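Per TrEMBL, GTP binding site is recorded for G48, I49, D50, K51, A52, G53, K54, T55, G101, N157, K158, Q159, D160. Summarising the annotation, TrEMBL assigns Mg(2+) binding site to T55, T79.
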Amino acid sequence: MEIELFECELSYFEIVSLTEIEWDVVKFSFFDLKYMFSKTEFHVLILGIDKAGKTTLLEKLKSVYSNLEGLPPDRIVPTVGLNIGRIEVSNTKLVFWDLGGQPGLRSIWEKYYEEAHAVIFVIDAACPSRFEDSKSALEKVLRHEDLQGAPLLVLANKQDLAESVSAEELARYLDLKKLDERVYMFEAVSSYDGLGIKEGVEWLVEVMERSKRTEMLRARIGPASV
Ligand SMILES: Nc1nc2c(ncn2[C@@H]2O[C@H](COP(=O)(O)OP(=O)(O)OP(=O)(O)O)[C@@H](O)[C@H]2O)c(=O)[nH]1
Ligand SMILES: [Mg+2]
């Protein structure tokens, strides 16, 4: 169908006299072309309990991947609504949704699950007294059916602090049971100095590009979007 579109030129008269079925063919081909030339767009949820460093991470992502200066840490306040950040990595657009992690706000997270291609779960690796809270919040996220098959990147944040534990230690501590069929990775990062952030994002892009979850979202939304 696309070839036909390239090979024939329709006059104004021919366009106005197209039947409904012919219009469907033209529209379908147009959307297909738009899809072929548009960049892939992925939605990534940034979750984690309060003070884990989610918004600081989002601002660091903006400054690492775009010309925008992210907000400095001392201007970041606890999140109550939603912060959105857009970046481009190679030929891929990433839209990050950063939500508040205070206990009373965590029930809002699930409203974003259906549309998400992947999840970044941020943990303050320098605060073991709150690991249990992070573990149960993460387990609840993983149990939710609207997030089935979504790749998971767990970030052991605040590596610039001497007392922080490594990504391996954090993984051992969390000892997550519901990870069997999920693509996941633990990465040590610092949202202050940027350590580990590029490695994490590049891994995420690679796994989202070939994940079943992406295929499922693509089929649901249609050929014009991811
Ligand atoms: N040392 C250090 N501190 C960090 C790092 N990332 C965040 N912080 C600090 O941790 C505190 C919480 O950071 P936020 O980014 O507001 O945390 P959040 O997860 O968005 O919190 P909520 O919006 O309440 O859910 C702030 O004082 C940050 O400056 C980091 O990599 N290293
Ligand atoms: Mg925040």
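In case you wondered, yes, glycine gets a Cβ from its N, Cα and C as well.
Shown on the structure are the features that TrEMBL records.
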residue: G48; record: GTP binding site; Cβ within 10 Å: 26
residue: D50; record: GTP binding site; Cβ within 10 Å: 17
residue: A52; record: GTP binding site; Cβ within 10 Å: 26
residue: K54; record: GTP binding site; Cβ within 10 Å: 28
residue: T55; record: Mg(2+) binding site; Cβ within 10 Å: 24
residue: T79; record: Mg(2+) binding site; Cβ within 10 Å: 18
residue: G101; record: GTP binding site; Cβ within 10 Å: 24
residue: K158; record: GTP binding site; Cβ within 10 Å: 24
residue: D160; record: GTP binding site; Cβ within 10 Å: 14
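Ligand 2 lies under 6 Å from the Cβ of K54, T79, out of the binding-site residues A52, K54, T79, G101, K158, D160.
Summarising the GTP site geometry, the residues cited as binding it (G48, I49, D50, K51, A52, G53, K54, T55, G101, N157, K158, Q159, D160) extend over a maximum Cα to Cα distance of 22 Å. DSSP assigns K158 (GTP binding site) to coil, not to a helix or a strand.
Here the C-alpha separation of D50 (GTP binding site) and T79 (Mg(2+) binding site) works out to 8 Å. According to its DSSP assignment, T55 (Mg(2+) binding site) is helical.
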